[in-house]
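Scroll down for the structure; my scribbles are underneath it.
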Amino acid sequence: MMKFKPNQTRTYDREGFKKRAACLCFRSEQEDEVLLVSSSRYPDQWIVPGGGMEPEEEPGGAAVREVYEEAGVKGKLGRLLGIFENQDRKHRTYVYVLTVTEILEDWEDSVNIGRKREWFKVEDAIKVLQCHKPVHAEYLEKLKLGCSPANGNSTVPSLPDNNALFVTAAQTSGLPSSVR
């Protein structure tokens, strides 16, 4: 299903959730510093770059496109961290890990809307995100709890849509760390 808005097309899955994609953009493969961008609605707040998927677009491609537009970075797309559900906003977001290899001086959102970007230590990013975007903080919490390459745990495999791993705020607390 698709809905058209001026200069954007929104796509939805079978259950009516908006299909989104995002990346946790790391400065290095150690995944200790993450790039956040200023919110377009609240420029003094920080968010994880991401947005709606376009028709026929694969989640990984959408995630790479969104970080290029919003954060002005290119990089090596890594693993799918999970698919996060936001029941309030009716969104499902595919969240990937990306290691930044190129940082543009000027990029689409910096020129058009004055968007900023900044590197944060993961712990600091979680604190910043918990106030304004707790769902985004969950991405980093999940990374810390079981998907970091530094802790020896296995990574979450990419799954086809019909076998997708969905994580909601209510579900994470009771799950073993190997699946959070």
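The backbone N, Cα and C atoms fix where each Cβ goes, and this holds for glycine too.
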Site-mate of Lys18, Lys19, Arg20, Ser39, Ser40, Arg41, Arg89, Lys90, His91, Arg115, Lys133 for substrate in Swiss-Prot, selected among Arg10, Arg27: Arg10
Of Arg10, Lys90 (the binding-site residues), the residue whose Cβ has the fewest other Cβ atoms within 10 Å: Lys90
In three-state DSSP terms, the structure that Arg10 (substrate binding site) belongs to: strand
Rounded Cα separation (Å) that holds between Glu66 (Mg(2+) 3 binding site) and Gly50 (Mg(2+) 1 binding site): 5
For Lys90 (substrate binding site), the one of Gly50, Glu69, Glu70 that lies nearest, given that the recorded positions are compared by Cα: Gly50
C-beta crowding around Arg41 (substrate binding site), within 10 angstroms: 8
